[in-house]
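These come from Swiss-Prot:
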- 22-79: domain 'Ig-like V-type 1' (DOMAIN)
- Asn23: N-linked glycosylation site (CARBOHYD)
- Cys28-Cys74: disulfide bond (DISULFID)
- 114-171: domain 'Ig-like V-type 2' (DOMAIN)
- Cys121-Cys163: disulfide bond (DISULFID)
- Asn156: N-linked glycosylation site (CARBOHYD)
- Asn160: N-linked glycosylation site (CARBOHYD)
- Asn175: N-linked glycosylation site (CARBOHYD)
- 191-288: domain 'Ig-like V-type 3' (DOMAIN)
- Cys213-Cys265: disulfide bond (DISULFID)
Amino acid sequence: LKAMDPTPPLWIKTESPSTPWTNVTLLCVATNTEELSFQVWKDGELLSTLPVVGLVGKFWLGPVTADNRGIYRCRILTSENDWTPLSAPVEVTGKEPLPAPSLHAEPGPWILPGLETKLHCRGMLLGMIFDLYQEGEQEPVKSSQTPSAEATFIVNSTGNYSCLYRAPASAPSVNSTPSETIHVVIPDFLPKANFYILNDRDFRPGDIVTFSCWARFSEREYDLEFKLFKDGQETPVEVVPISDPMKVFFDLTAVGPKDGGKYSCRYRFRNGPPIWSEDSNVLELDLSTGQ
């Protein structure tokens with residue numbers, strides 16, 4: 001299983017959605033119950049260190065003024081006495097329209113039979129309504145109000161999508177700037193994998209050479225099929241599964257001169273259509289002079 005990312009999310013809680021900058025609290029959310037204290041950073045400098053209460057570190061900003069506008073991040077001290085990575089930056093502007101959300105696709109900006117395509121629209125303020133827009137439509141194609149600062153939309157058609165967030169109906173004039181546009185397509189290929197030699201050194205006949213092929217999906221785990229290629233042709237070889245289903249090892253045992261050549265790998269979704277990734281980067285194995 002994948003290890004949980006310890007990076008905390010940083011959210012903005014407002015007491016009044018209709019006037020979101022009049023009374024603001026920053027919430028730094030812990031990922032487990034053993035975290036001790038947290039730090040708030042503003043514009044790259046440490047601002048404050050405070051205790052975590054429950055799973056949330058709270059830092060009250062109050063009314064947003066010229067003195068406290070800026071880019072905020074947070075991090076948390078764990079029971080192992082290690083600091084987590086800093087959170088993604090959150091901009092406190094005190095102005096409207098509100099800062100644009102981010103929009104990303106999982107597993108990617110594609111429509112593939114058998115796979116669910118999700119668009120994640122992530123803002124910064126809690127208690128907002130998220131709207132998903134498709135180019136050519138005047139009104140949102142989907143809307144969602146969630147307790148967090150992110151909404152997830154499932155899409156089934158190609159097109160150009162963007163999103164924004166807004167205050168609830170009681171304050172309809174408070175909106176964010178739209179996100180960047182994502183182009184959702186039916187792909188010819190999937191993105192190429194990372195490909196490298198695990199025991200990278202000079203090789204001699206009789207050695208074991210282990211290649212690693214890794215598909216770069218960060219949101220979740222998928223059931224993937226991997227293949228190894230030598231000089232552009234599929235090569236039957238032992239596939240070594242590991243705990244991470246997004247990666248495999250290919251073992252070449254007792255290699256000889258015939259195993260020299262240019263290697264690459266590909267992957268595809270087992271439950272999806274027969275669309276493979278582009279060829280990975282190429283690694284050349286030369287058993288006479290070393291790799």
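Even glycines carry a Cβ here, placed using N, Cα and C.
Where Swiss-Prot records a feature, it is marked here on the structure.
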residue	record	CB count, 10 Å
Asn23	N-linked glycosylation site	15
Cys28	disulfide bond	27
Cys74	disulfide bond	27
Cys121	disulfide bond	27
Asn156	N-linked glycosylation site	8
Asn160	N-linked glycosylation site	14
Cys163	disulfide bond	29
Asn175	N-linked glycosylation site	17
Cys213	disulfide bond	25
Cys265	disulfide bond	26
Counts of helix, strand and coil residues, the domain 'Ig-like V-type 2' (114-171), according to DSSP: 0 helix, 31 strand, 27 coil
Reported mean pLDDT - the domain 'Ig-like V-type 3' (191-288): 87
DSSP state at Asn23 (N-linked glycosylation site), helix/strand/coil: coil
DSSP residue counts for the domain 'Ig-like V-type 3' (191-288), split into helix, strand and coil: 3 helix, 42 strand, 53 coil
Separation of alpha carbons, Asn23 (N-linked glycosylation site) and Cys74 (disulfide bond) (Å): 19
